[in-house]
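Per TrEMBL, the features are as follows:
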type     : residues      : note
DOMAIN   : 47-156        : domain 'HIT'
BINDING  : Asn73, His145 : substrate binding site
MOTIF    : 141-145       : motif 'Histidine triad motif'
ACT_SITE : His143        : active site, tele-AMP-histidine intermediate
Amino acid sequence: MTHEQEPKAETPQDFHLAGVPDEFQRLWTPHRMVYIQQGEPETEDCPFCRAPSMADEDSLIVARGRHAFVICNLFPYNSGHLLVCPYRHISTYDLATPEEVAEIGELTQIAMRVVRSVSGNHGFNLGMNQGAVAGAGISAHLHQHIVPRWAQDANFLPIIAKTKALPQLLGEVRETLAEAWPKPEHTENEHHD
Ligand SMILES: [Zn+2]
């Protein structure tokens, strides 16, 4: 890491930016601007509503619960960046039912363990942006971010460290995490051959 020059807060604009500069800021990608520029998707066009109707491989869903599901972020800040979403199209956390709150929490805990076991990351950023003004790309549908962090933020899971096209990378990330996800004691919809 190089610090040739400490950035100085000289311009007035700098003072509009709340928070303490850290490594996380460097992980932000301009891809998210697509959402901001194109505006909010309609409910029927909501990617988080649409995803559960698709195959896991196509939607990048890692795990499905009763009230919520875990999905790879299409625009990851870091490799292994997951989102936990309720199935219901609700915008803010306070609209979630106790059952949804409980399962979002439960899936978040499992996701942390799975990501840690697979990628050996050192920490996480967890959080929910509430509203577009707070930075939510798709603010109409609640989603909890789970962003694995490494001390040096070596961005790739060791197993997929080979250079590949991004969609392929995400597909492999999904597969790796889905395979490492603990299997329920008994599954209601078993489709094993
Ligand atoms: Zn939705």
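From the backbone N, Cα and C atoms, a Cβ is placed for every residue, glycine too.
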What same-chain residues, at least 6 away in sequence, bring their CB to under 8 Å of the CB of Asn73 (substrate binding site)?
His81, Leu82, Leu83, His145
Let me check the 10 A CB neighbour count of the residue listed as 'active site, tele-AMP-histidine intermediate'. How many other CB atoms are there?
21
Just counting, how many other CB atoms are there within 10 A of the CB of His145 (substrate binding site)?
20
The correct three-state DSSP answer for Asn73 (substrate binding site) is coil
In this predicted model, what is the average pLDDT of the domain 'HIT' (47-156)?
91
